[in-house]
Amino acid sequence: MMAQEPLHIVPDNILLHLYTRFLLNIPDELKEDCAKNFVRIFFEVERAHWFYVDYCIEDPSVGGVDMFGLTQQLFEKFPSIVPRGINWQEKFVEWKKYRGSTATGSMIIIDEHYKMILLVQGFYGNRWSLPGGKINQDESLVDCASREVMEETGLDLANRILPSLYIDRYIGGTLRRAFIVEGLPRTSRLKPGTKNEIEAITWFGIADLPAHIQDITTMEKLNSRPNNFYLVIPFIRQLKLYVEQRLSGKPPGLALSESERLCGNSMNYSVYLQHNAINSLSNMKVNATSTPSKKQKKNKKSNTSKSPNQSLSEDGKTGEKSR
């Protein structure tokens with residue numbers, strides 16, 4: 001991999017702060033782990049990047065550097081981080097492959113009428129997904145889902161999770177577990193706990209969401225392309241069956257098992273499409289590109305925010321804009 005000049009330069013004082021806080025002063029046992037396996041250091045750089053995105057980008061309209069760009073600038077500023085003889089760019093690619101296979105925990109948050117679910121949209125894209133994210137080291141999937149939902153929506157649902165009530169999907173070889181949480185009022189206050197990560201939090205009608213990537217009804221009902229929901233699609237068919245079972249009076253556990261039985265192998269086509277879509281993304285080359293700015297993101301054509309299925313949040317706004 002050839003080194004590229006970052007499009008954004010992180011100020012020296014910020015680089016020094018990130019280096020001191022996340023790399024220099026880590027516990028001795030962690031330093032030993034990183035010395036034995038240099039790939040481990042990128043988990044600490046990732047934490048530094050999260051901090052950088054949340055607290056060091058004063059004007060989101062101008063964007064910032066991505067994970068690779070920050071890594072490059074940190075390692076150039078503080079070359080002692082990289083042991084002699086180590087090609088950090090090769091190790092970075094190795095880490096990216098490992099990180100891409102890390103399991104994720106999320107939640108399918110259903111409203112009190114069993115008609116809508118809560119989805120989030122990233123700050124730098126048009127894709128919608130279930131609130132959730134990658135599991136941390138030594139973290140359970142339940143704790144992961146609770147933490148990620150709190151960070152992305154401001155909702156503390158840790159006490160409402162049933163550890164056995166979930167839908168699993170393997171997408172691109174990665175486990176994606178979505179815990180089902182029912183009965184959340186649509187008037188609940190929604191506000192992300194992190195900066196520059198979530199652009200919108202919105203309720204979508206379950207009946208309107210696409211069950212496969214070629215579902216043209218999404219274009220008609222949501223005025224949006226089905227591929228904007230490609231991380232949600234694998235869950236939709238079973239979710240619709242689950243809701244039908246719940247509305248018929250079945251308890252959650254029985255409704256889940258019945259939805260699995262009814263779903264059978266009919267979900268394979270959508271999972272296959274999702275597998276190909278995500279594999280094509282994961283095979284993209286890692287470049288030292290900049291993190292897109294808010295202005296660049298808004299210049300993309302996307303009418304999703306005008307969806308008629310978006311409900312009003314507590315303060316009367318459509319959805320909940322965070323960035």
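For all residues, glycine too, the Cβ spot is worked out from N, Cα and C.
TrEMBL has this to say about the protein:
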- 294-303: compositional bias 'Basic residues' (COMPBIAS)
- 314-323: compositional bias 'Basic and acidic residues' (COMPBIAS)
- 100-230: domain 'Nudix hydrolase' (DOMAIN)
- 286-323: region 'Disordered' (REGION)
Mean per-residue pLDDT computed across the domain 'Nudix hydrolase' (100-230): 90
Secondary structure content of the domain 'Nudix hydrolase' (100-230), with strand meaning DSSP E or B: 30 helix, 45 strand, 56 coil
